[in-house]
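As recorded in Swiss-Prot, the features of this protein are as follows:
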type	residues	note
BINDING	Cys41, Cys46, Cys52, Ser281	[4Fe-4S] cluster 1 binding site
DOMAIN	54-270	domain 'Radical SAM core'
BINDING	Cys68, Cys72, Cys75	[4Fe-4S] cluster 2 binding site
COMPBIAS	283-298	compositional bias 'Basic and acidic residues'
REGION	283-305	region 'Disordered'
Amino acid sequence: MATKNEEILRKPDWLKIKLNTNENYTGLKKMMRKKNLNTVCEEAKCPNIHECWGARRTATFMILGAVCTRACRFCAVKTGLPNELDLNEPERVAESVELMNLKHVVITAVARDDLRDAGSNVYAETVRKVRERNPFTTIEILPSDMGGDYDALETLMASRPDILNHNIETVRRLTPRVRARATYDRTLEFLRRSKELQPDIPTKSSIMVGLGETIEEIYETMDDLRANDVDILTIGQYLQPSRKHLKVQKYYTPLEFGKLRKVAMDKGFKHCQAGPLVRSSYHADEQVNEAAKEKQRQGEAQLNS
């Protein structure tokens, strides 16, 4: 039983979601099982899975296995000793994207600190295979910090994704508690170097709120991201995946998220999604640059012809 100091906050009404289990959703779920693929949508218990899979024709594949070498205190993904790399995974991901006619695909990965290249070669090959089979699908990558291995980052950026997404997750003060194996400054450097390697590829990051940060700390984090040339920001409510994870300290209202979005845009971000259910990949198909949007339009025209 929780003590007064550990009391669990009641989830507000605005966090209730409408389930959408149409053909897109059920078809994609069957495809993932058939191809033996993982999605962060399922593994991380994302609240938007029904909207993205069911209505938007977008999905987030999680590659390099389903077991992460880290144990961040906010994350529902399994941790432990990972399996051997599956070298056929890039082709299976590419086939699945093609079969589902996905408009936008996000490719994320568990952290593989056990691998010399942090998994970057298989990751880059996945991007290339998806691009070969799906020239009109926009591709976003969401890697770990790869242990600060910038040769691995260079390998990954050479695959030319449409967006590089790497999440700061929380404010500087809370980072050691929330994700002990990462550092705030390494995340900023990873984002800065990504832009230096491929200046025309938009960079993106995400902040979870509700972990005990102050508004001033959120604004400081926005400033740090802009100082490292980050283009796109998403801000969402932290939700506790299980009793083992960090507790929610505050539920922000939709009005508060609206204010955060306005501040972010005033600070110079090109795009900001902010809301209680917003996650890193939420409405990601809208956040690509104009060149990538033209690819999406060509794909839609082909699909409807």
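Numbering starts at 1 and runs along the chain as it is shown here.
Cβ atoms are placed via backbone N, Cα and C, with glycine included.
Rounded to a whole number, the C-alpha distance linking Ser281 ([4Fe-4S] cluster 1 binding site) with Cys68 ([4Fe-4S] cluster 2 binding site) is 19 angstrom. Using a 10 Å radius centred on the Cβ of Cys68 ([4Fe-4S] cluster 2 binding site) and all shown protein chains, the other Cβ atoms total 23. Cβ neighbours within 10 Å of Ser281 ([4Fe-4S] cluster 1 binding site), excluding its own Cβ and spanning all shown chains: 28. Over the domain 'Radical SAM core' (54-270), the average per-residue pLDDT in this prediction is 91.
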